[in-house]
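Contents: one structure, followed by commentary.
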Amino acid sequence: MAMAVEGAGAGVVVSEPEVVSIPPTPRGMSTPEGTATPPPAAGRGAATPARRVVEGLRGYLEEVGHLTRLNPQDAWLPITESRSGNARYAAFHTLNAGLGFQALLLPLAFPALGWSWGIISLTVAYFWQLYTLWILVKLHEAVPGRRYNRYVELAQAAFGEKLGMWLSLFPTIYLSAGSATALILVGGETMKLFYQIVCGPICSPSPISTIEWYLVFTSLAIVLSQLPNLNSIAGVSLIGGTTAITYCTMSWVLSVSQPRPPTVSYEPQAYTSLGSSLFSTLNALGIIAFAFRGHNLALEIQATMPSTFKHPAHVTMWRGAKVAYALIAMCLFPVAIGGYWAYGNMVPQGGMLTALYAFHSHDIPRGLLAATFLLVVFNCLSSFQIYSMPVFDSFEAAYTGRTNRPCSVWVRSGFRVFYGFLSLFISVALPFLSSLAGLLGGLTLPVTFAYPCFMWICIKKPERFSSGWYLNWGLGLLGTAFSLSLCVGGVWSIISSGMKFKFFKPPS
């Protein structure tokens with residue numbers, strides 16, 4: 001029992017960097033039936049209140065099978081500050097992270113792929129990324145007593161400190177900071193369209209400029225970002241997921257319910273060479289890959305949940321993720337199929353929102369059209385919060401590591417204001433960022449489709465030449481090859497379309 005007291009006492013030591021779980025006492029080590037437990041020696045605190053407390057603590061530990069020892073820095077950081085998450089929170093966060101404005105770009109992939117290959121590619125990508133999400137959920141606690149709370153941590157555990165950092169740092173930074181920048185672009189421009197629809201002909205001759213709309217959106221996002229940690233934005237994620245489902249449904253329903261443009265065509269695009277056809281196909285696959293997002297946040301979401309040997313966090317996380325991805329499928333497939341049916345090869349580069357405004361702004365009741373655009377704004381504001389949380393976590397980790405104390409309210413607020421206006425500056429400097437969907441989908445594809453498969457091989461070490469070994473090697477290598485190919489296809493699409501990069505010149 002002295003050993004148990006020591007173990008329990010060690011539970012308050014704060015030098016361990018990760019959660020450590022202590023297994024329950026093995027059944028075979030209990031006192032045999034019919035054998036009396038020897039009475040404690042006199043003078044050792046027998047029958048004292050402290051001894052009874054320890055006995056009760058031992059019973060509790062055997063029942064729960066878990067003892068937590070945390071680095072105090074984890075208790076200071078936004079991602080791991082609160083561990084009271086549950087399956088509902090997991091569903092809210094996963095839905096908010098996994099469904100967004102990228103879904104509205106899916107019809108752009110079908111002119112190059114056609115009906116059959118477009119639907120097949122979308123289906124394969126959906127189940128592929130669902131499998132890799134399951135891998136990440138399982139690997140969160142792959143080592144007993146240790147939790148990998150961030151994507152980069154798991155990559156370092158699988159590939160080594162340097163290689164894991166090199167492979168995962170840029171894609172995850174882009175998926176967080178780059179997504180925030182893209183959300184400012186989309187949110188600001190959508191607010192401008194909403195204003196024009198609501199205001200109508202009575203607008204003043206000098207409406208608010210696009211940059212000013214970016215500033216309005218960023219200011220609202222910064223106000224929302226003052227919520228302290230990932231669990232505290234569960235309500236925001238619920239709003240984000242609900243609005244995403246609603247505007248995705250409204251976009252395809254409103255498009256399908258209206259007469260199609262008279263010149264609509266579903267004929268595959270004609271190309272002058274085999275290379276042009278190949279690169280256009282790769283760019284279309286990149287747009288599909290770009291629609292599946294959120295894997296860089298899966299471990300962070302799971303880190304907000306309590307975990308014991310009896311109730312591991314991966315069970316709760318997977319329960320919420322399954323609900324979220326069922327809803328995501330109910331949005332992505334109708335948007336892609338309905339959008340292509342409604343507009344065919346005439347889908348503009350801005351996707352479904354631009355098509356709605358360009359083709360049906362005079363046919364659809366102004367209130368419905370304005371409501372659709374307003375829902376997009378709400379979703380962008382909500383998505384900004386969850387995608388920015390890893391960046392806030394990194395800022396505060398650097399601060400607490402240097403000062404060995406938690407961030408004050410003013411320091412935390414200052415980091416978030418600084419990050420918000422930095423993202424605004426990048427949005428103004430790079431207003432064409434949202435037009436690079438194919439290229440960006442290729443750059444970030446390994447985070448979703450390739451790295452999790454290699455992580456499973458490195459950490460779980462499946463038997464060589466087994467079905468799991470072949471499956472993960474095949475998917476991992478295929479995902480890497482697709483990533484390289486899609487990057488090339490994205491660059492070709494930019495060159496062939498004659499896209500001009502105008503820095504610091506957002507649309508007026």
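In case you wondered, yes, glycine gets a Cβ from its N, Cα and C as well.
Computed from a predicted structure; not experimentally measured.
Here is what TrEMBL says about this protein:
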- 16-48: region 'Disordered' (REGION)
- 84-495: domain 'Amino acid transporter transmembrane' (DOMAIN)
- 89-109: transmembrane segment (TRANSMEM)
- 115-137: transmembrane segment (TRANSMEM)
- 166-187: transmembrane segment (TRANSMEM)
- 193-217: transmembrane segment (TRANSMEM)
- 229-254: transmembrane segment (TRANSMEM)
- 274-292: transmembrane segment (TRANSMEM)
- 323-343: transmembrane segment (TRANSMEM)
- 368-392: transmembrane segment (TRANSMEM)
- 413-433: transmembrane segment (TRANSMEM)
- 439-459: transmembrane segment (TRANSMEM)
- 471-495: transmembrane segment (TRANSMEM)
Which of 89-109, 115-137, 193-217, 229-254, 323-343 shares the most C-beta pairs under 8 angstroms with the transmembrane segment (274-292)?
-> 89-109
Residues outside the transmembrane segment (193-217) whose C-beta sits under 8 Å from one of its C-beta atoms, at least 6 past its ends, are 184-185, 187, 353, 357, 361, 366, 369-370, 373-374, 377, 380-381, 424, 427-428, 431, 506-508
Should the transmembrane segment (413-433) and the transmembrane segment (166-187) be scored as in contact, given a threshold of at least 3 Cβ pairs under 8 Å and pairs 6 or more apart?
-> yes
For the transmembrane segment (323-343), distant same-chain residues with Cβ under 8 A (at least six beyond the ends) | 87, 90-92, 94-95, 98-99, 103-104, 106-107, 109-111, 115, 118-119, 122, 126, 130, 133, 241, 244-245, 248-249, 251-253, 255-256, 258, 260-261, 264, 266, 291, 351-352, 355, 359
Please work out which recorded stretch in 166-187, 229-254, 368-392 has the most C-beta pairs separated by under 8 angstroms from the transmembrane segment (439-459)?
-> 166-187
Examine the transmembrane segment (229-254) against the transmembrane segment (368-392) and state whether at least 3 Cβ pairs sit under 8 A, considering only residue pairs 6 or more apart.
-> yes
